[in-house]
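Have a look at the structure below before the remarks.
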Amino acid sequence: MAMSSLLLKPCLLHLPTKVKNTGADSIKSFTCRNSLKTNTTTILSKDSNYKLSWQDEFKRAFPSHEWENCGENDEKFQELVDMRAVDNIRMLIVDAVQKSKAGHPGMALGMAEVGYFLYRHVMRYNPRNPKWFNRDRFVLSSGHGCLLQYVCLHLAGFQSVQIEDLKRLCKLGSRTPGHPENTLTDGIEVTTGPLGQGVANAVGLALAEAHLAARFNKPDVAIVDHRTYCIMGDGCAMEGISFEAASLAAHWKLNKLTLIYDDNHNTIDGSTDLAFSEDISQRFKALGWNTITVDDTGSNMRSFKTALLAAYSETQRPTFIRVKTRIGKLSKKEGTSKAHHGTFDEDDEKQMKQKVKWDDRDQFHVIPMVYREMQVQADRGEELEMEWQSKLYDYQNKYPQEAAEFKVLLSGGMLPGWENALPKWSTSDPVDATRGYSEKCLNQLAKVLPGLIGGSADLASSNKAYLHDYEDFRQPDSPWGRNIRYGVREHAMAGISNGIALHGGGLIPFAATFLIFSDYMKNSIRLSALSDAGVIYIMTHDSIGLGEDGPTHQPVEQLAGLRAVPRLLVFRPADGNETAGAYKVAVARRNVPSLICLSRQKVAAHVEGTSEDAVERGGYIVSDNSGENLPEIILIGTGSELCLCEGCAGVLRKEGRRVRVVSLVCWKLFDRQPIEYKEEVLPYSVSKRVSVEAGSPIGWREYVGPEGFVLGVEDFGASGAYLDTFKKFGFTQENITRIARNLLSK
């Protein structure tokens with residue numbers, strides 16, 4: 001019988017669940033439990049030739065009484081196949097670690113059954129098109145266990161992980177790095193490693209699915225219908241971001257999110273009881289999750305299947321499945337922290353292979369039938385994608401307007417000419433803080449960017465980060481809403497935003513708070529840059545200029561730290577037009593995160609000479625009275641301090657001095673410009689330069705040179721009216737003019 005004809009029957013657990021939609025009746029759900037009663041085995045287990053192909057392998061691995069009669073028992077046959085496939089996964093894990101002399105085998109060995117079951121029997125994916133939109137998403141929050149995912153991806157048919165890649169685990173330039181990276185390996189949805197981040201990412205992925213489903217699904221056709229699975233470990237359970245995100249997932253009723261907890265009672269330092277004693281299941285239950293405990297996956301996987309069935313039946317809550325495992329399964333180090341990372345000694349490797357009857361096989365051996373077994377899921381995924389494409393075609397005929405918008409999102413979420421919606425300001429417009437100009441930009445962009453979605457960490461009114469013509473994201477009332485209420489959870493907000501950005505549904509997330517609280521978010525912001533996640537971070541109250549709240553809320557060192565993050569674009573616009581320019585760049589660069597720093601205090605709507613378009617170059621000349629000559633001095637400013645530079649320049653020009661004012665709105669963009677352009681803006685021969693920024697002076701020496709003067713903040717700020725605070729730290733037109741005169745006199 002041809003393989004293609006064997007694959008017509010749906011695989012285990014491929015059952016859509018109830019989908020909410022905008023005001024329409026819910027789509028009828030399949031009864032998952034009843035369907036499984038009639039589909040407990042896959043079509044391959046009914047193929048007699050396929051069963052015969054396993055006979056020698058069963059003889060090798062199992063006592064005769066376990067396999068001799070399985071030919072008449074399809075369910076028992078499948079159980080033995082699954083067990084042997086898990087053995088193969090464990091041996092590949094051991095081989096990869098031994099070959100590379102690096103890696104973290106402990107979690108991978110302990111969770112082999114769970115990883116295999118998800119990739120073989122549960123998740124919908126198409127390895128021939130890893131970016132198929134309606135695939136299920138999988139996140140490995142305990143990213144050190146990535147070898148398990150690499151092996152599963154290889155067996156599942158992903159071209160991104162070949163046997164040679166497994167042999168090059170952790171090697172420079174390999175597609176199997178020490179922690180999973182979505183930019184290197186197809187099949188990896190998000191980059192994880194810092195524990196707990198993946199949990200927040202998974203919440204973001206699930207939110208994106210729920211939001212898009214509510215906007216586009218109809219009573220007779222669901223084009224957005226997929227689930228999110230995430231594996232977390234004990235370390236993730238200890239990190240605060242996990243519970244910030246889990247709290248929101250329950251509050252938002254993300255019922256298509258399943259979190260699987262690898263409860264192996266070990267971290268690097270030893271047993272978890274050294275520092276961890278609470279009942280995690282009870283904690284998740286208190287948050288509002290559906291909680292299930294699986295005591296043993298080693299003897300069989302039925303209990304895990306039962307837990308997943310319960311997750312599929314849940315319509316209101318996300319599901320937390322606690323799986324009790326043994327870290328380093330099979331090893332002499334099993335059940336101890338020593339199994340977390342590192343290689344195995346020769347005797348340990350030998351006895352592990354003996355335990356699963358593998359001792360006479362070459363390294364990286366794969367049972368041929370395991371490939372065939374996994375191909376079932378791959379072929380079914382290809383079928384599912386074809387069915388989805390057909391469904392999308394029907395949807396387009398029935399709902400052309402919604403289909404057009406959906407296709408825009410799948411193409412990246414940007415309509416041609418979207419940037420024309422950005423406001424433009426003139427010198428006659430009323431003054432406002434740059435956070436106010438940002439608010440106008442956001443709300444204009446929301447009208448032309450259907451994927452723009454986001455919110456603030458309980459500071460929407462202060463950050464001015466709210467889309468006024470759109471509802472809040474809230475289930476079941478308004479999951480189509482484009483404003484996300486994060487509460488006081490900055491870290492989770494950033495991690496969730498990464499998940500939204502990497503979902504692939506064309507959503508453009510923004511996340512807002514005070515710049516000082518970027519410290520809470522730093523690790524997630526860094527991962528945005530590492531993951532090519534185009535999150536737009538909106539950071540208001542950007543300097544000591546925020547005034548009365550004092551040094552606890554006045555950022556000083558934050559700008560320097562954020563500018564040091566590779567790939568992250570940090571903007572500090574001076575007026576309305578530079579703010580619009582920052583948004584223009586941030587939206588256009590969908591694979592780069594941007595962070596826009598905005599003032600609380602009011603500044604001019606348009607500082608004469610600033611330009612929306614020039615922002616994309618990072619730095620440019622705002623004004624210069626030098627004519628064909630070089631300037632005598634260059635004043636370089638950002639943000640609200642650019643106005644001070646212009647005021648100082650006006651005074652010096654009246655004294656007959658040639659003065660240039662430069663806006664350095666984004667250092668990274670300026671650094672990337674051609675040498676000729678940078679020389680044009682900051683001529684090397686003009687050594688008299690002053691930089692003016694109400695933040696740390698770190699980094700400015702590169703732009704002012706050895707003879708220039710850096711005016712910055714070298715201590716914490718102070719509580720007081722912003723003008724008084726600025727005066728205390730020297731940010732006045734008079735002081736800047738004095739500094740410039742001193743330089744000119746040398």
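Note: Cβ is positioned from N, Cα and C throughout, glycine not excepted.
These come from TrEMBL:
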ACT_SITE  E490  active site, proton donor
BINDING   H104, H340, R435, S462, H541, D549, H553, R600  substrate binding site
BINDING   H144, G193, P194, L195, G235, N264, H340, F517  thiamine diphosphate binding site
REGION    332-351  region 'Disordered'
SITE      H104  site 'Important for catalytic activity'
SITE      H340  site 'Important for catalytic activity'
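Reported as a whole number, the C-alpha separation between R435 (substrate binding site) and G235 (thiamine diphosphate binding site) equals 38 Å. Working note on the binding-site residues N264, S462: by count of other C-beta atoms within 10 Å of each C-beta, N264 ranks first. Here the region 'Disordered' (332-351) is broken down by DSSP into helix, strand and coil counts: 9 helix, 0 strand, 11 coil. You'll find the Cα of N264 (thiamine diphosphate binding site) roughly 10 Å from the Cα of H340 (substrate binding site). Cα of D549 (substrate binding site) to Cα of F517 (thiamine diphosphate binding site): a span of 14 Å. Once the Cα atoms of H144, G193, P194, L195, G235, N264, H340, F517, the listed binders of thiamine diphosphate, are compared pairwise, the greatest separation found is 34 Å. Looking at F517 (thiamine diphosphate binding site) and E490 (active site, proton donor), their Cα atoms lie 7 Å from each other. Sorting the binding-site residues H340, H541, H553 by the number of other Cβ atoms within 10 Å puts H541 first. Residue pairs drawn from H104, H340, R435, S462, H541, D549, H553, R600, the listed substrate binders, are separated by up to 48 Å at the Cα level. For P194 (thiamine diphosphate binding site), other Cβ atoms within 10 Å of its Cβ number 19. Nearest Cα neighbour of H340 (substrate binding site) among the listed recorded positions (G193, P194, L195, G235, E490): G235.
Using a 10 Å Cα-Cα cut-off from H553 (substrate binding site), none of the recorded positions among H144, G193, P194, L195, G235, E490 qualify. Nearest to H104 (substrate binding site) in space, judged by Cα atoms and limited to the recorded positions H144, G193, L195, G235, E490, is H144.
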